[in-house]
Amino acid sequence: MTQDELKQLVGQAAADYVNATVPEGAVIGVGTGSTANCFIDALAGNKARYRGAVSSSLATTARLQTHGIKVFDLNEIDSLPVYVDGADEIDRSGAMIKGGGGALTREKIVASVSDVFVCIADASKLVETLGTFPLPIEVVPMARTAIGRRVTALGGVPVVRVTKEGVPFITDNGNEIIDVKGLRISDPRTLETHINAWPGVVTVGLFAARGANLCLLGTDTGVETIEYSKG
């Protein structure tokens, strides 16, 4: 299967999982990116079952609204039974690198209040050690250079994310992103805590403190379900 076919496969599997496990009338948390879009498209066929969704980005909001799915502000919602999102990398413990699409902060917020985090990914995203994919850090613009120096001291190579026009990429929150290359992340939870404590960091794209509960992994032989123990 092509990568796009694998994304569609896990998007449908996630919709099937949500339809089978989430009660009618619930509000669902939805992530950002091409794999999350496949989930939205698959979920749309059964949208009447749900009150709506909480979105993690402006792009996801637009996708949901295109399908006629009501989008709620997180402040309006008491609970989210499930959050479904992709990952740039996921390891055997359920820790992830996320933020390739630039929505890491809102993704982390929505994930943090969900009961179950379902990661959907193709098999290429499953790794033994995180770090081959550059680690995104959302930063307040005035702190960009200072954060870059701290990254270098860790042994990483900081690269300011830019648009195709060559100007800094700006997140939905009005901040910039540093992509860190060259890290081998053996202890993602500790590194997440460490980087998040730097002044000027909005959040780092490590999802270890709140990792996935479940991964639906698209392979050439079908969808593999990986469950992670949390505690």
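Positions of Cβ are set from backbone N, Cα and C atoms, glycine also.
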Substrate site partner of Thr32, Gly33, Ser34, Thr35, Asp85, Gly86, Ala87, Asp88, Lys98, Gly99, Gly100, Gly101 (as recorded in Swiss-Prot), chosen from Lys125, Lys164, Lys181: Lys125
DSSP state at Gly100 (substrate binding site), helix/strand/coil: coil
Substrate binding residues Thr32, Gly33, Ser34, Thr35, Asp85, Gly86, Ala87, Asp88, Lys98, Gly99, Gly100, Gly101, Lys125: largest Cα-Cα distance, in Å and rounded to whole number: 16
Binding-site residues compared (Thr32, Ser34) - the one with the fewest other Cβ atoms within 10 Å: Ser34
Count of other CB atoms lying within 10 Å of the CB belonging to Ala87 (substrate binding site): 30
Thr32, Gly33, Ser34, Thr35, Asp85, Gly86, Ala87, Asp88, Lys98, Gly99, Gly100, Gly101, Lys125 excluded, remaining Cβ within 8 Å of their centroid (substrate): Gly31, Ala36, Ala121
Lowest local Cβ density (other Cβ within 10 Å) among binding-site residues: Lys98, Lys125: Lys125
